[in-house]
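*Asks:* OK, Swiss-Prot features for this one:
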- 30-33, LYS51, 87-91, GLY415, 480-482, ASP496: ATP binding site (BINDING)
Amino acid sequence: MAAKEVKFASDARDRMLRGVDTLANAVKVTLGPKGRNVVIEKSFGAPRITKDGVTVAKEIELADKFENMGAQMLREVASKQNDKAGDGTTTATVLAQAIVREGSKAVAAGMNPMDVKRGIDLAVKAVVKDLETHAKKVSANSEIAQVATISANGDEEVGRILAEAMDKVGNEGVITVEEAKSLATELETVEGMQFDRGYLSPYFITNAEKLKVELDDPYILIHEKKLSNLQAMLPLLEAVVQSGKPLLIIAEDVEGEALATLVVNRLRGGLKVAAVKAPGFGDRRKAMLEDIAILTGGNVVSEDLGIKLENVTVNMLGRAKKVVIDKDNTTIVDGVGARTDIDARIAQIRQQIDTTTSDYDREKLQERLAKLAGGVAVIRVGGATEVEVKERKDRVDDALHATRAAVEEGILPGGGIALLRALKALDGLKAANDDQQSGIDIVRRALRAPARQIADNAGEDGAWIVGKLLESSDYNWGFNAATGEYEDLVKAGVIDPAKVVRTALQDAASVAALLITTEALVAELPKEEKAAPMPAMDF
């Protein structure tokens with residue numbers, strides 16, 4: 001086991017504080033509409049330019065192991081904030097730095113770290129309650145666009161496209177962000193349930209111009225196994241022909257004689273039919289087939305469920321208003337499944353999302369949820385250069401998360417004003433002792449930090465502006481750093497999602513309290529690299 005170096009008490013906290021300051025000072029310059037850029041060197045290719053706090057935080061690694069511990073714990077604040085709310089990472093970092101700095105001073109002055117922590121927790125609880133009281137629910141499309149614009153660092157085009165995407169696919173829909181091959185940023189939406197399987201034979205095509213299969217009001221057979229001959233389902237096919245409606249077959253595969261028979265029937269015009277492979281693999285395939293069955297009001301033909309193909313009747317088939325199939329995708333529009341069954345399935349998937357520990361599984365479950373509940377939208381981000389596209393894609397991702405957060409918990413005035421106004425919530429707080437009171441005062445001072453930093457980044461005197469803002473009792477009145485005006489920030493469209501502000505404070509206080517109550521640091525001593533022996537010489 002390698003030898004360790006141990007630091008104690010104030011020496012340990014000072015080392016960590018230096019690391020915290022290094023990371024926070026690099027991150028906080030990006031805060032606000034006039035935040036500065038940070039340029040990050042890459043081991044290959046062009047350097048990366050970003051205004052995204054968490055991207056900067058993830059790139060910082062310090063040479064001193066003890067300083068690096070402080071920096072990494074602060075990085076944890078940005079990462080947690082990014083995972084929970086998707087935005088507000090810089091605000092969380094600024095708050096954490098302010099709490100750690102003030103807390104370290106208090107502990108160095110001889111106060112009990114645990115009581116200081118209790119005071120911080122007490123103050124945070126009071127501020128969170130105040131934020132929840134003042135949060136205003138978001139419903140209008142224009143408000144959603146405003147939130148998205150702010151999170152995208154003032155990019156109005158991104159705000160408009162995101163609001164349009166949310167409007168089309170709903171709050172539960174999946175919105176993915178990709179890099180475009182062109183200059184323009186575009187939105188593409190898919191209504192209904194889409195899965196990535198195309199037609200099994202081009203002979204099924206009904207629209208020769210678009211090379212698509214379009215089936216109106218079709219029956220849908222959902223089969224778990226392969227279909228290699230159609231003998232077992234002849235009675236079913238005859239019943240479908242008599243009904244005069246088209247048929248879509250979804251199966252693990254349709255091969256050989258079965259596929260040939262379907263193609264011949266399709267070409268002769270006796271049966272309007274198309275076949276596609278089932279989406280997914282293994283257990284996920286079973287779950288997705290069940291989703292399709294619930295959406296279309298049909299049954300999955302599966303031996304596990306005791307349903308054999310020869311016993312299937314027309315009543316057991318799914319139905320939909322329309323099905324569109326191209327060479328890569330199948331889209332089912334307006335399935336006739338019962339709303340109560342679909343809602344129950346959605347609730348079940350939500351439960352699985354909450355309990356799963358795998359990020360991959362969570363992503364796949366969210367895709368299934370979106371296909372059942374809303375739809376899918378793809379935002380293709382364009383730009384003149386690769387560096388610009390990457391930077392813009394970062395901002396669109398931020399804006400997407402912030403917009404979802406705003407719809408979830410409502411909005412507050414932006415620019416750090418909501419935290420400034422929450423100072424009043426701390427006035428009536430009763431502490432059990434002086435050390436706890438010190439913890440409350442630490443949060444009181446930290447709440448001013450984001451507004452001050454936004455003003456500083458805009459080239460103004462942050463401390464003076466914060467003092468002026470505290471003179472007003474109007475909750476929404478604040479400093480608009482983008483225009484340099486004092487105004488009603490909600491009317492001006494300077495708004496923050498309540499969830500972003502709340503989680504920023506909670507995450508910052510949580511990690512800062514851990515740093516304040518740290519009494520020892522342990523790190524490996526650097527290994528001495530011995531010089532390589534000289535090679536043997538030939539004389």
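Note that Cβ sites are derived from N, Cα and C of the backbone, with glycine treated the same way.
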*Asks:* Helix, strand or coil at ASP496 (ATP binding site), per DSSP?
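*Replies:* It is in a strand.
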*Asks:* Taking each of the binding-site residues THR30, THR90 in turn and counting other Cβ atoms within 10 Å of its Cβ, which one has the fewest?
*Replies:* THR30
*Asks:* What residue among the binding-site residues GLY32, GLY88, GLY415 has the most other CB atoms lying within 10 A of its CB?
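*Replies:* Answer returned by the neighbour count: GLY88.
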*Asks:* Return the residue, from the listed binding-site residues LYS51, ALA481, ASP496, with the maximum count of other C-beta atoms within 10 angstroms of its C-beta.
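*Replies:* Neighbour-count leader: ASP496.
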